[in-house]
Amino acid sequence: MLKIILPTMMLLPTTLLSPTKFMWTNTTTHSLLIAMISLHWLTPSYYPLKNLTPWTGNDQISTPLLVLSCWFLPLMIMASQGHLQHEPHVRKQMFITTLIVIQPFIILAFSATELTLFYISFEATLIPTLILITRWGNQPERLSAGIYLMFYTLISSLPLLVSMLYLHSKTGTLHLPILKLSHPNLTTSWTTLMSSLALLMAFMVKAPLYGLHLWLPKAHVEAPIAGSMLLAALLLKLGGYGIMRVTLLMQPVSNLLHYPFLTLALWGALMTSSICLRQTDLKSLIAYSSVSHMGLVIAASMIQTQWSFSGAMILMISHGLTSSLLFCLANTNYERTHSRILMLTRGLQPLLPLMSVWWLLANLTNMALPPTTNLMAELSIMIALFNWSSPTIILTGVATLLTASYTLYMLLSTQRGILPTHITATTNSSTREHLLMTLHIIPLLTLILKPELISGTPL
């Protein structure tokens, strides 16, 4: 674990000591090297944990997410160059420093085998995210978005802390492998039911579950591109990962908790997909589509079968890459037209023909067309849910249909139609942007060749 965390910390001197001319190049190259080193975690042999230290370790659920978090640091740095180019050098350094500081916390959160360490790093990711949104967001509403994010997260996290202390008083340990071995005497009493609910609630807000999701569209719309990528690709996955970890600890109780969460998650997938069809703001549309996809992840995590866990893991990785790619594309449009309103930025295909190829690819992956891992994930989840209860196929089927509808609506409204008269000249797409899109799409297309790397199943 240290061989990734230490080079990540060494990125700070790289940023602060690099000459102005080479700062972007140095930090991007350094973080890409870390991303390449992190790929060695994907090698098989986890029994029960790999790289085990007293507090951290990788298993088949955390490893794909750890690699994803290392993969995204260079991409966030690359994506931010456009909107920071007119800023003073010191502010650029501050921005990159904020991105670097959040990385060790995410790595610790995904690899912690001790619930207290997990809680601390889970909460610590909030501070740099808040700084990113409230300092580098575009509109004045960024302050209210930051307050929403902070209060939703903190109000749901306090019950998590209390229930962790309760669990510790009952079992005498918060070490995850030991907790799995020694199932606490969880009876179906009200105390246990409430503590299980409290354990789940913080992750349900982070994931987010429909009904607790109002902070997400606000945060996404106001955040700079790096903030949107960070939220979509990594911070939402902390919620999904937490649900998968915690549900394994409370086998007897979760049978009672299945129904409200499953109902809300699947109904939410349906509702947010239909909300997407009514959106006028491009970033808001992509944010609501995240809620819809994460609804499937929550539903799959709650039923706790091998198939559903595999589907949830693959969907988390695929969704992280797909929605981040869509946010990057929305950002390239925003940097040229300075508007996110779909009516004002339509018909860009003649101006940016190469970008429209990326738009098509991103939208096809969002619709879960073969040969992407999204298809495999959604099929696994739908089959697992159908096996658990056959009427769920109606909800998942309609949600999939609506996903295809809003994705086509997004593609047609951004690329086709008459070019608005106020857009007279735009800068061409740059090599940096194409490289950024390529680094998103390569994992999506190659992982289908060996999906067991990210499926959360023992290799």
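A Cβ is built for glycine as well, from the same backbone N, Cα and C atoms used for every other residue.
Pulled from TrEMBL, these are the features on record:
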DOMAIN    1-109  domain 'NADH:ubiquinone oxidoreductase chain 4 N-terminal'
TRANSMEM  21-41  transmembrane segment
TRANSMEM  61-82  transmembrane segment
TRANSMEM  94-111  transmembrane segment
DOMAIN    112-402  domain 'NADH:quinone oxidoreductase/Mrp antiporter transmembrane'
TRANSMEM  146-167  transmembrane segment
TRANSMEM  187-205  transmembrane segment
TRANSMEM  225-244  transmembrane segment
TRANSMEM  256-277  transmembrane segment
TRANSMEM  284-303  transmembrane segment
TRANSMEM  309-330  transmembrane segment
TRANSMEM  351-369  transmembrane segment
TRANSMEM  389-412  transmembrane segment
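In this chain, the transmembrane segment (94-111) does not touch the transmembrane segment (389-412); fewer than three CB pairs sit within less than 8 A of each other, excluding pairs fewer than 6 residues apart. Within the chain carrying the transmembrane segment (146-167), a Cβ under 8 angstroms from the stretch's Cβ atoms is held by residues 115-116, 119, 122-123, 126, 129-130, 133-134, 137, 174, 179, 184, 191, 194-199, 201-206, 212, 214-215, 218-219, 222, all 6 or more beyond its ends. Highest Cβ pair count under 8 Å relative to the transmembrane segment (309-330), across stretches 61-82, 187-205, 256-277, 284-303, 351-369: 284-303. Long-range contacts of the transmembrane segment (256-277) within the same chain, counting only residues at least 6 positions beyond its ends with a Cβ under 8 Å from a Cβ of the stretch, are 188, 193, 196-197, 200, 204, 209-211, 213, 285, 288-289, 291-293, 295-296, 298-299, 302-303, 385, 392, 395-396, 398-399, 402-403, 405-406, 409-410. Remote same-chain partners of the transmembrane segment (94-111), defined as residues 6 or more beyond its termini with a Cβ less than 8 Å from a stretch Cβ, comprise 1, 4-5, 8-9, 11-12, 15-16, 23, 27, 51, 56-58, 62, 65-66, 69-70, 73, 76-77, 80, 84, 87, 117-118, 121-122, 124-125, 128-129, 131-132, 136, 226, 230, 234-235, 238, 241. DSSP labels the residues of the domain 'NADH:ubiquinone oxidoreductase chain 4 N-terminal' (1-109) in these numbers: 81 helix, 3 strand, 25 coil.
Per-residue pLDDT, averaged along the domain 'NADH:ubiquinone oxidoreductase chain 4 N-terminal' (1-109), amounts to 90 for this model.
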